[in-house]
Amino acid sequence: MGRTHLFTSESVTEGHPDKVADCISDAVLDALISQDKNCRVACETLVTTGVAFIAGEITANATVNFPDIVRDTIRRIGYTSSDMGFDWQTCSVVTSIDKQSPDIAQGVNEGDGLFKEQGAGDQGLMFGFACDETPELMPAPISYAHKLTKQLADVRKNGVLDFLRPDGKSQVTVQYEDGQPKRIDTIVISSQHSPDVTYDELKDRIIAEVILPVIPGELLDEQTKYFINPTGRFVVGGPMGDCGLTGRKIIVDTYGGMGRHGGGCFSGKDPSKVDRSASYMGRHVAKNIVAAGIAKRCEVQVAYAIGVAQPVSVMVDLMGTGRIPEADAERIVREVFDLRPAAIIDYLDLKRPIYGPTAAYGHFGRTGDSFPWESTRRADEIRGKAGI
């Protein structure tokens, strides 16, 4: 019998304070890029009791009302009453916006700087990952954790569980045998709620309306453990309970800790920032390799120097599951995919207001127009070059 082990990943709802910040930052980006597709945006947000701060470096031929964007985002998330400690109508909005440094701009603008191609917006390393554990080629723990938090938000917004409030988290522990998910060992859900609901009702209703509708029944058994609001009470939450910052949930945003992370966040950054665009491309490359049947698991690393178009390194790790040598996989990646920043932006069509939906419930393993990197359109070409 092979090895049995547990692996855990977490997700958070859009009402978690760090996700409120991410949602605001990406709402600002979408508003700007919808008017100026070549805008340069690095928008950071901080939210706390009754206040939202936005700051950063923005260069754009656009006119936007930052306080209106902030308030509308907070309203859509669901902070609509002052008794939550954070209310879209009454919160203060403070802004401090500068222009992008000209020293950075000359390395990114095509035709400027030491190199004439559009270079990377910064140095850095980015990872992409895919595996065959789920239909969307994502790790099972983070996939199910996202499904739970999305369901938490849905049953709150549609009134099925009208005692829920926007802040919430999930955590899923999956038991693996021989590297494959076999069952769910533990589910943790913490959801902010109104003060008048009893603990027993909250626990029973969350199991019935959140967990059971989205987790496959064959993965649950009598030994599965459920921890629902395990402190017993979660009335104070959101920005009133914790200060929220853009970029504080980078593992939730990606692969739940399965697969490595280069450290750069995504939200509030226009696609000239390779932290975002190259991470999306890394996911696209890894997913197409797995979809092609070359490997069951794949991790891709790409790294850049600021102002330089060609990546300084490209690495493909098939994690012991490959049907071809990794050196051949790297060669195929370089032949099939153009990993220069401008080429990535053009290939994935990233100069569009598509970023708002990415800000909560994961940037990967999703469907729809906001997630072009999830396409497997190059799988057949990769399979052909691999000769399998």
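From the backbone N, Cα and C atoms, a Cβ is placed for every residue, glycine too.
Within the listed segments 100-110, 111-121, 166-176, 221-231, Swiss-Prot records region 'Flexible loop' for the stretch 100-110.
Per Cα geometry, Asp18 is the residue among the binding-site residues Asp18, Glu44, Lys273 nearest to Asp242 (ATP binding site). The binding-site residues under consideration are Arg233, Lys273. Their Cβ neighbour counts within 10 Å are lowest for Arg233. For the pair Glu44 (K(+) binding site) and Glu57 (L-methionine binding site), the C-alpha distance works out to 9 angstrom.
In this structure, of the binding-site residues His16, Lys249, the smallest number of CB atoms within 10 A of the CB marks Lys249. For the region 'Flexible loop' (100-110), the model's pLDDT averages out at 61. Within 10 Å of Lys249 (ATP binding site), counting CA to CA, the binding-site residues Asp18, Glu57, Lys273 contribute Asp18.
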